[in-house]
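Swiss-Prot has this to say about the protein:
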- 3: N-acetylproline (MOD_RES)
- 14: N6,N6,N6-trimethyllysine (MOD_RES)
- 123, 173, 177, 295, 327, 379: substrate binding site (BINDING)
- 175: active site, proton acceptor (ACT_SITE)
- 201: N6-carboxylysine (MOD_RES)
- 201, 203, 204: Mg(2+) binding site (BINDING)
- 294: active site, proton acceptor (ACT_SITE)
- 334: site 'Transition state stabilizer' (SITE)
């Protein structure tokens, strides 16, 4: 027998394959305050017990592999392994479970969303023993949160920078999203800001294409911002999309935006990646820029109920990585978003502390300690008739963005902006007077339209426009 063989035998190594549940299913385990907790929606293959499936998820997303390895004896599995500590059947489903997994904090690099996701939502999602797997929620411990900077500035600092309080902020995505020259693009920005909007926005796929290079767009938009500010006396901004093919190019664009003196830049955080996003967030805090986040590609990840990752997890990840705004659906517009679920992750973005709330799909109590909040952005297929519902659903700490609902106005861009500003001010005043926006919303808009011809014209154009399709992702309680 060789010395190597003798060493393996002396530590009790036994080659072969054993059930995951023997090592990674630990129902007696009490999670530590420092553990990262995950709630997975697990759909096992037929014949795979729920305990084995949950344990497999814990193993393959932490220290485990498909067979016993002798190097297990060179470390402490009890210290580093993930543990499936609780399993609940999903109501209304025959073979689907919520499996709760606890991960020791030492498994993750400090301040790195990239590393956290590489482990928790890595290769395990292609595991053959599972028909489907979805990460529903994470509990991020305070000890890990404190290793992140988080949003560059947060809600209160943004309001102070803009000197705007007591109402949602108003925005607009410039349309058509692709094809305009930089000068015509800047003209549209100016008209919308002059009409009463707080922000205008690059669409997510506006980067630096042949028809409009980024530097030209930045210059014309900055000119539009300063001209609109001079005419209105209000602070204005345009989300200049700094997303680029490399991190170096992205930062170069952000540097140029800062040199122009504009207040805010933008990033597509999922297509750009968490490493790039965190780098940009650090630059924005150091240089006084607000950071608007678009979630392009999110529905590829989060829309299917049984597989992928819920947006509430992506929202938590963004708050760690850094962003002052993030798109969060509208509930009433053209994009997917069930009301209770949307309000659940809106709370996660804005509040310092959220409790477990099954009615909103929140699986864990979450403390954000001193991490600044993020403004949710409602955007996508909304117009003036939606204003009462949006004001009631999202409240003051939000951004309401009307792209087609501004630039589609029959009289032009500036009247479209006027219509939205009048509608918003009317809804905020009515709410402050104690009126019920949900019940009286249409009446409030009609009353305001009597003295605003711009709003009256908008009401006429969009009076029949609705997007009434059932949400794909709904709460499990709906099946009971």
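Each residue, glycine too, has its Cβ placed from N, Cα and C.
It should be emphasised that the depicted structure is a prediction, and the values quoted were computed from it without experimental measurement.
Overlay of Swiss-Prot feature records on the structure.
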residue	record	DSSP class
123	substrate binding site	helix
175	active site, proton acceptor	coil
201	N6-carboxylysine	strand
294	active site, proton acceptor	strand
327	substrate binding site	strand
379	substrate binding site	strand
By a simple count of other Cβ atoms within 10 Å, which of 123, 173, 379, the binding-site residues in the record, is least packed? 123
Checking the binding-site residues 123, 173, 204, which are within 10 Å of residue 294 (active site, proton acceptor) at the Cα level? 204
So if I measure Cβ to Cβ from residue 295 (substrate binding site) and keep only same-chain residues at least 6 apart in sequence, which ones fall under 8 Å? 268, 269, 270, 311, 314, 326, 327
Starting from the residue listed as 'N6-carboxylysine', work out which of the binding-site residues listed here (123, 173, 379) have their Cα within 10 Å, and give them in sequence order. 173
Among 123, 175, 379, which are recorded as recorded positions, the nearest neighbour of residue 203 (Mg(2+) binding site) by Cα: 175
CB-centroid shell, 8 A cutoff, Mg(2+) site 201, 203, 204, site residues removed: 173, 174, 177, 202, 205, 206, 239, 241, 266, 294
If you count other C-beta atoms within 10 angstroms, which of the binding-site residues 177, 327 is the most crowded? 327
Between residue 204 (Mg(2+) binding site) and residue 123 (substrate binding site), what is the CA-CA distance rounded to a whole number of Å? 29
Return the count of C-beta atoms lying within 10 angstroms of the C-beta of residue 294 (active site, proton acceptor), excluding that atom itself. 28
